[in-house]
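Okay, structure first, notes after.
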Amino acid sequence: MHCMAVRHFAPSSSLSIFSSTNINNHFFGREIFTPKTSNITTKKSRSRPNCNPIQCSLAKSPSSDTSTIVRRSANYDPPIWSFDFIQSLPCKYKGEPYTSRSNKLKEEVKKMLVGMENSLVQLELIDTLQRLGISYHFENEIISILKEYFTNISTNKNPKYDLYATALEFRLLREYGYAIPQEIFNDFKDETGKFKASIKNDDIKGVLALYEASFYVKNGENILEEARVFTTEYLKRYVMMIDQNIILNDNMAILVRHALEMPLHWRTIRAEAKWFIEEYEKTQDKNGTLLEFAKLDFNMLQSIFQEDLKHVSRWWEHSELGKNKMVYARDRLVEAFLWQVGVRFEPQFSHFRRISARIYALITIIDDIYDVYGTLEELELFTKAVERWDAKTIHELPDYMKLPFFTLFNTVNEMAYDVLEEHNFVTVEYLKNSWAELCRCYLEEAKWFYSGYKPTLKKYIENASLSIGGQIIFVYAFFSLTKSITNEALESLQEGHHAACRQGSLMLRLADDLGTLSDEMKRGDVPKSIQCYMHDTGASEDEAREHIKFLISEIWKEMNDEDEYNSIFSKEFVQACKNLGRMSLFMYQHGDGHASQDSHSRKRISDLIINPIPL
């Protein structure tokens, strides 16, 4: 037998996810918040880490008498997606004959793509493949094609394009990591340095393309900033003229309205694919092969999602968290799974979706314990139990906390063992410290609530950017999506040096605040970023909301600076960080898409997970 060396990832005393970046200056300068850490030591081991499952005792703890405690309630509705319903999902589009047909269509599309040499039609096809949600099948071909375009630009061999073609080429090159300069748009400016007024007269297609390209702006890129203002103003006037019946409400009008609602760069891939497939089918110049492949691929992916969800649902049922025992908390397993579909949808990432959905569901339960149900004394007990990470501490907890702690303890240890088997890294200390830090941030907010403290926006963001839980999602994403783990990447993740992680979490926090403010204020909660800004500046709620939206756009500049194709992290991981930001905008676009089970929430889940597209 060969001895296998085990490497240990020793955590730092805290996870400073938000180190100094440009975006922090918009909040409060460069001072960084680091919660106090527990006295947990890292023990190295050459055997299996301390991952023994614990048995949940039914004996009452000394603190379990809650008969005289008046507790808050969020009155969460039970889940509308039952265990039996989830297990009955057909997963129809698996195996033959679908696999053979898909492979044949894929080859036809591939020939179509590579056969168009250096032409605008080729760029338009890449754009269409992206919006139909099937470009991931041709990643290598697209990168090779765009490399040639970038080389032509760098050597001044590129043809003289109009605004539409230039903007489309720019957006695609930026998306795939090519450093195409913003100055390429100077050709469309007049002698005063402003975009030519003539552009707006007869080139709505070009203006829309420039609008979409402008959202790839990085810090200091004034030309793209000007382009966004210029195009947004014009497109809004264009829609106004449509509403007044001055302009025909055609396919272009549909695309313009869609873009103004949210730019393509900010949208989540699967939701955009569902929408665009339906719109593309209505067009007269649609390509039948592309449409059939997009529909079939959507349905085949959906069958994989259904299998993944069934797996997670069985775990949830076995844990007993989904048996109406957590009446004070949100049972939103399907919504938790939907997040993971948006973060990484590709078929090879089933393991990631299954693991991360568990984590998101646990975050939801524990968040509600701290936000709604627990007393301050009980929350301090739970925090200490997570910090100690000792099975014996379960007997010190109130009865209602035992099952969540039991599930958390076993789930984290199980996942740590999986990482040990897969990557030969002992990570249990790091994983449990991540959860301990999250609970400390939750506890800090609970103290604010019980004391009536109103934090400044600075202080709120320092804590809330961590309490949103994004850093824990990224920890599990890192180990689930990374094939070859390096010490450099581990140290960067540990110290919070990676922009995509920081900004993905921060965007999640701010989008959550925009979508959940009304409901959380009704039940009683700490002030969110909107109220903090209002309190700091005297702004109205509308003004505060606009400021938070501005901060989100500034966060995107930081994320655009992060080149996923030249990073110490895997491309798959960096894309996951950015996609979490996209999913936060998607889930909170029409309110609280995670907790609420309104028509928007049901439609999202039905469209992406439940109902296939008719072929």
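Cβ from N, Cα, C; glycine included.
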Among R314, R330, R440, R582 - the residue Swiss-Prot places in the same (2E)-geranyl diphosphate site as D367, D371, R509, D512: R330
Near the motif 'DDXXD motif' (367-371), which same-chain residues lie under 8 Å Cβ to Cβ, leaving out any that are not at least 6 residues past its ends? 74, 76, 326, 328-330, 379, 382, 401, 404, 439, 442-443, 445-446, 469, 520, 525
Given the binding-site residues D367, D371, D512, the candidate whose Cβ has the fewest other Cβ atoms within 10 Å is D367
Compile a sequence-ordered list of residues in the same chain as T516 (Mg(2+) 3 binding site), six or more apart from it, whose Cβ lies below 8 A from its Cβ; state 'none' when nothing qualifies. K528, Y588, G591, D592, A595
Taking the Cβ of R330 ((2E)-geranyl diphosphate binding site) as the centre, count every other Cβ atom within 10 Å, in any protein chain shown. 24
For the motif 'DDXXD motif' (367-371), what's the model's average pLDDT? 94
Among R330, D367, D371, R509, D512, recorded (2E)-geranyl diphosphate binders, what is the largest CA to CA distance in Å? 18
